[in-house]
Amino acid sequence: MSALMGAASFGFGMLPLSFVFSNNHLSRLTMLGTGLLLGTALGVIIPEGIEALQDAKPDPSAELPVSKISLSLLCGFVLMLVIEQLISPHSHSHSLPHPDLALNDVSNLNKNSSTIEFDAELGDIESERGGVNESGSSTTTRPGYSQAGGTNGHSHTNNDAPNATARAQAIPLTLGLAIHSLADGLALGVSSLPTSGNTDSSLSAIVFLAIIIHKLPTSLALTTSLLSTSLPRPECKQHLALFSASTPISAIATYAFLSFFGSGTHPDWTGIALLFSGGTFLNVATMVSSHSDTHAQGDITPRSRILLIVIGMFIPVTLSSLFGHGH
């Protein structure tokens, strides 16, 4: 499952190198993913975590550990808040204000078009030729490349300087998104652990669906953002590979750690980890939902946004009930 998520994220992120995408369709997918995250956190992960903590108590008649529940949720929420405010490079003009809103900001690069298109080959050719427009017509160069107009003039561009600038912009963006994805891997790894109420793979399948619907538009936004900085295409692939691998690596590491160290001596670790991941889901989903009110979402109306979010919220609970694991 982790390998499938990594491959899907990398493959989807590679698409902007060759294809044109409708910003409206991507915005709808983002809204649906927001609802899936909220529904998975509120309807599946948090109830599962509470049930796991309840079952881990030595005395079944003892009171519910409310303090553990609240602290686990708060720690997960605060972690993503810290990542958002301090690690993600949204304070710079060249970067995106929020990982999950990247599509909205990237679309501003082409405000007069309803599609997003980045031609990496054209950027490479312009860099090699110095960005000369032999026809004399007006063109727009991608950030990081120099261009000179005229019939006799020629501008020689040093490739090292634009590439260095592009790398300086790309590294913090990719790092912030990769760290952000580690929390997704935590949720996926924890959901794969067996609990008393989760003997099959229903919980992990629901969490996987929510994460991948949330992750695919983000991987697409990462690639388009990297291309907009004029980062060479081979390096774009390297950054995309790092981002795509972060969630699977985190999921495998979380599963291995809790399987070896959490089952015997700390039977309540599974419940705490589930609640912690539920807090991270809540933060990501609420941040996207709040920003969507102030950022353009293509031609999607407010009613359509609300409808897509609500539909997404009920999908995890419905799937959980169909799998025979309703709460």
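Placement of Cβ uses the backbone N, Cα and C atoms for every residue, glycine included.
Where the annotation comes from TrEMBL, it is an automatic prediction and has not been curated.
As recorded in TrEMBL, the features of this protein are as follows:
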- 6-22: transmembrane segment (TRANSMEM)
- 29-46: transmembrane segment (TRANSMEM)
- 66-83: transmembrane segment (TRANSMEM)
- 123-162: region 'Disordered' (REGION)
- 134-144: compositional bias 'Polar residues' (COMPBIAS)
- 153-162: compositional bias 'Polar residues' (COMPBIAS)
- 173-193: transmembrane segment (TRANSMEM)
- 205-228: transmembrane segment (TRANSMEM)
- 240-263: transmembrane segment (TRANSMEM)
- 269-285: transmembrane segment (TRANSMEM)
- 306-324: transmembrane segment (TRANSMEM)
Honestly, do the transmembrane segment (205-228) and the transmembrane segment (306-324) touch, with at least three Cβ pairs under 8 Å and pairs 6 or more apart in sequence? yes
Ranking 29-46, 66-83, 173-193, 240-263, 306-324 by the number of C-beta pairs under 8 Å to the transmembrane segment (269-285), which range is first? 66-83
Surrounding residues of the transmembrane segment (306-324) on its own chain - C-beta under 8 Å, 6+ positions past either end: 28, 31-40, 42-44, 200, 202-203, 205-206, 209-210, 213, 289, 300
